[in-house]
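Annotated features in TrEMBL:
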type: TRANSMEM; residues: 12-30; note: transmembrane segment
type: TRANSMEM; residues: 36-56; note: transmembrane segment
type: TRANSMEM; residues: 68-89; note: transmembrane segment
type: TRANSMEM; residues: 95-117; note: transmembrane segment
type: TRANSMEM; residues: 129-147; note: transmembrane segment
type: TRANSMEM; residues: 153-171; note: transmembrane segment
type: TRANSMEM; residues: 183-205; note: transmembrane segment
type: TRANSMEM; residues: 217-234; note: transmembrane segment
Amino acid sequence: MSISTDQYVPEFAIIVGVFFGLATVVSGIILRWGLTATICVCAVSSYPFIAFGVVRDTNPTATIRPRWVLLIGTVIGMLGAVGTFHAMLGGQDSVTATVSSLFIGFILVSPPAGYAVHHGVNINPFTPQVTAGGCLIIGVGCVFAGLFSLPLIGVLLGTGIGISGALYATARGLTLTQQTKQRVAIISGVIGLTIAFIGTAGSEYISSNGTVNGGEWLFVGATLALAPSLYIALTGGQTTQQTCSWPFKRQ
């Protein structure tokens, strides 16, 4: 009887990812890359290996504790956001620096947070309904905050936060009602089409100095219009027929 060496691959991949991450941090400190560059390169060099180990491992929680992953990921995301904000604040306005820093932080913290939520970590004091609604409001705010400074980053950040909140609610046993799905799709489509129309046909009336890019606004509008479809694709179209005052209904 032969023993397969594949059983050691997940743990080895995780070790390699941690090693690369630590090596990057040391290199960044010695070579003075700066906080943002060090954190981002650390994530790029370590996340893929750790993700491979998690996917291939039959029991990843025994190797990587979800709570520790969430804690470390949160620290990494905060450091990346703070470093980006500090680096951009000198040459950019506060809105641009804030949107950019939040985007970097969101990208860095999303994989660890997704892993923790998937494996049952629940330290969120708010209910899934409140979390989803709050993420939706914050996401819309990020979209409009970045509309005149960083439209592409703003819409990616906003839709990412909004969809993440909805996915969190779904993972906690809640799902959108059919009626709410239709309403969200209609509202999102109307807002998206309006922004796209303004960006392509009316940008000269709202921007006298050429700061509004019609192509970027068109991308923002298309992204907002298609965001509900992305959520449906990620959740496999889960619905419930009951109506409720909340956008979500417990399964």
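The backbone N, Cα and C atoms fix where each Cβ goes, and this holds for glycine too.
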Sequence-distant contacts of the transmembrane segment (183-205), meaning Cβ under 8 Å and at least 6 residues beyond its ends, amount to 147, 176, 212-218, 220-229, 247
As a test: from 36-56, 95-117, 129-147, pick the stretch that has the greatest number of Cβ pairs under 8 Å with the transmembrane segment (153-171). 129-147
